[in-house]
Amino acid sequence: LQESESENKLDGETASDSESKSEFGGSSPVPSSDDTPEVLNRALSNLSSRWKNWWVRGILTLAMITFFFIIIYLGPMVLMTIVMCVQIKCFHEIITIGYNVYHSYDLPWFRTLSWYFLLCVNYFFYGETVTDYFFTLVQREEPLRILSKYHRFISFALYLTGFCMFVLSLVKKHYRLQFYMFGWTHVTLLIVVTQSHLIIHNLFEGMIWFIVPISCVICNDIMAYMFGFFFGRTPLIKLSPKKTWEGFIGGFFSTVLFGLLLSYVMSGYRCFTCPVEFNNDTNSFTVDCEPSELFQLQEYNIPVVLQSVVGWKTVRMYPFQIHSIALSTFASLIGPFGGFFASGFKRAFKIKDFANTIPGHGGIMDRFDCQYLMATFVNVYIASFIRGPNPSKLIQQFLTLRPDQQLHIFNTLKAHLVDRGVLGSLEDA
């Protein structure tokens, strides 16, 4: 008993113990300072802090939106690279908070293992993506074909190596803290890496599935801030004292309207609606196809109750606009809970922002806390209500089989079509 008590004291270092030490060592994990550029400071020096913050946020928001348009113009490959960079930066910000909280305990290999696990998880997810969307390229190159064949085994071996390294790094007096940080790293990987992988999957379904959800979250963030800034009176949630019901409701209606308009504009362009595919002949991405029914104008009857209000009996719109209502509703009603979750996390460690990367906005994670939740919803929504079998992928896989396997599938398919009467009708035609 005495031995176990002494081990517990050494192991210590529970959450309450670390909190008692002047709130994690006496300093905030991420220092709060005025990171506003000196040019803006001088230009806005005559304004109150409230209006100064408003202008700083506004100017930087316009700059970020401009950058967003530029990377969209540069194409899918640049977008995937940006998603990867954002993911790495978000991981860095969260892991840095944990490191700053517990750095005084000198935990062995914590940062090294955290980044190693990030590498392992990215290797697994991006390897799956490359195999799925660059199938013909993978089959054409011998080294890639071998890596693709044994991809999951290699991924598991890499992770197992990190797992063994963690076990070997365990120190008697820091057992509990080391397992805290092991869990911290894996939860961070789950939140950041998995969601960024889903964003890339959404992108390959068509640029519109990438742009509209992200734009809806951005619109809701801006409009909720605007309505809250000018009309906010009623606090919404204690985790975020500056959030108000006026901003929440105003952001909802603005986002739904914005989603309808943006979807109408983008649905008319094939470069946004066609799935992103890799052309094996040109070794480049293509976004050319015959638009699906989702992106063809159709006529809908307006409910009788609303006909007297709007003065129309029918309306022509794209079916995707109906789906955009679901996307924008989620972005404005459920998406903010990603921000509330991040606010709770920051309050738990008594920090204002994840980092000081963007003046007036905080860190990259402060801007993408809602985007990750949105990415998961879009991926689930596409899988549940939109995506069907992809004939081109089935043909690609069929062509990689041995001749005897191809012949077996051909005879099976032919017999099936004959039984259904489809093949006979085609031959008669």
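Using the three backbone atoms N, Cα and C, a Cβ is placed for every residue, glycine included.
Curation does not apply to TrEMBL; its annotations are automatic.
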Kindly point out the range from 83-105, 244-266 that TrEMBL annotates with transmembrane segment. 244-266
Between 44-66, 320-342, I'd like to know which one TrEMBL lists as transmembrane segment. 320-342
Relative to the transmembrane segment (153-171), the stretch among 178-200, 206-232, 244-266, 320-342 with the most Cβ pairs under 8 Å is 178-200
